[in-house]
Amino acid sequence: MPRPAPARRLPGLLLLLWPLLLLPSAAPDPVARPGFRRLETRGPGGSPGRRPSPAAPDGAPASGTSEPGRARGAGVCKSRPLDLVFIIDSSRSVRPLEFTKVKTFVSRIIDTLDIGPADTRVAVVNYASTVKIEFQLQAYTDKQSLKQAVGRITPLSTGTMSGLAIQTAMDEAFTVEAGAREPSSNIPKVAIIVTDGRPQDQVNEVAARAQASGIELYAVGVDRADMASLKMMASEPLEEHVFYVETYGVIEKLSSRFQETFCALDPCVLGTHQCQHVCISDGEGKHHCECSQGYTLNADKKTCSALDRCALNTHGCEHICVNDRSGSYHCECYEGYTLNEDRKTCSAQDKCALGTHGCQHICVNDRTGSHHCECYEGYTLNADKKTCSVRDKCALGSHGCQHICVSDGAASYHCDCYPGYTLNEDKKTCSATEEARRLVSTEDACGCEATLAFQDKVSSYLQRLNTKLDDILEKLKINEYGQIHR
């Protein structure tokens, strides 16, 4: 356990005059003093509030207060790191039971704080006519040991040297050697002075110096405490730094007020963070915004934009990657392809099976996922690449007929023979009939006439055939026109 610092004693002259200072005087009711306010009847910030409820038995949480160690509105508030020094009056006017109440008050405040080297550090300065530093800021780093040390503190003697106590705290407790943090750390330096009497030394100048050095002073007055002196010791604004209770029996109720004072509100819980997606508490009332998976934080550090997952080239899509508004993505396929079950690769569609190809005769799937149209034998594909027209095989000259090729209406043809000839079994070649052979081979005098007669007969046959062919071609044209405009 750290060794207590030696008490600081007054000059001999003051000690000789001390009995005169202790003569009892008529103390008017503090409530009746001009300008004296009962601060326990006011809420935070000086607004009207409830009076403290009657004191609960030791160890039991008072009605309307939080349990020790649990912040009111748990989760909303986290204590800020502080260098905190309690300056407690233990003069003879503070009875032993009342001094116990003061220690309970100190312990209750400690319960609401996060204690540790990187969190709040606590020291206690005990004073009466002398001043004693019970333990320094660096002495205890855990809450249990700290509260045990508070419990071991004993009262000193007569006298109320509040100014000397503040000076001692400033010179010896709030130093780097004693455990205070460097000014560059921006850790607040806070002193809470608890007294029930009028200071017997000057407090205004020493309090002003303490405040000028960066120490924030809170003054808690009990019973016959002098309000003017409390105001001289406390920092501005006074309505936030001066407290008063009528008896030590209710002083511990003020612990909740200090809990609110030292609380760093969590904007993430309060809903004031303005983060579009996720709010992360950093402690000390600070926070930062983060984004859900698939999003990135914008320059304003509050709103989020979807990541371009497709641009990252990690999507695995075989054909096309499409960003979604949700910050994710999905795969699509080129025209003529369909997405496989793995939702990434693509397979060519069977456009012909879908029945949407528009081919008049035959639809053929291509390897590219597309298709093309073809026509039945004897037909040719039109310029629209979908419809078909009858092909004139006789005109193509590939029919193989020896004499005459006759086109049929079904994109086919058949062979015919000149008059005097008959079609052979191969349906292509012709052979002269017996009559024709006889007419051609005659050598008698009538042969010339017979030849002329044969020629006339052949000419007549040819004329009839030409007429028949013209009729057939006309019918084919009409049929083809009807198929194109169907």
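Glycine is treated like the rest: Cβ placed from N, Cα and C.
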Practice item. Annotation phosphothreonine in Swiss-Prot: match it to one of Thr338, Thr422, Thr442, please. Key: Thr442
Practice item. Pick out which of Cys375, Cys415, Cys417 Swiss-Prot lists as the disulfide partner of Cys401. Key: Cys415
Revision key, fill the gap. Out of Ser90, Ser235, Ser441, Swiss-Prot gives the annotation phosphoserine to Ser441
Point to revise | Spatial neighbours of Cys430 (disulfide bond), counting only the disulfide-bonded residues Cys275, Cys401, Cys415 and Cα distances within 10 Å | key: Cys401, Cys415
Check your understanding: Can you give the mean pLDDT for the domain 'EGF-like 4' (390-431), rounded to a whole number?
Key -> 84
Review point. Using DSSP, what's the helix, strand and coil tally for the domain 'EGF-like 2' (306-347)?
Key: 0 helix, 14 strand, 28 coil
Exercise for review: Using a 10 Å cut-off, grab the number of neighbouring Cβ atoms around the Cβ of Cys430 (disulfide bond), all chains included.
Suggested key: 18
Review point. DSSP says what for the domain 'EGF-like 4' (390-431): how many helix, strand, coil residues?
Key: 4 helix, 14 strand, 24 coil
Exercise for review: Calculate the distance in Å between the alpha carbons (Cα) of Cys317 (disulfide bond) and Cys333 (disulfide bond), and round it to a whole number.
Suggested key: 9
Practice item. Going by Cα-Cα distance, pick out whichever of the disulfide-bonded residues Cys275, Cys279, Cys346, Cys363, Cys415 is nearest to Cys331 (disulfide bond). Key: Cys346
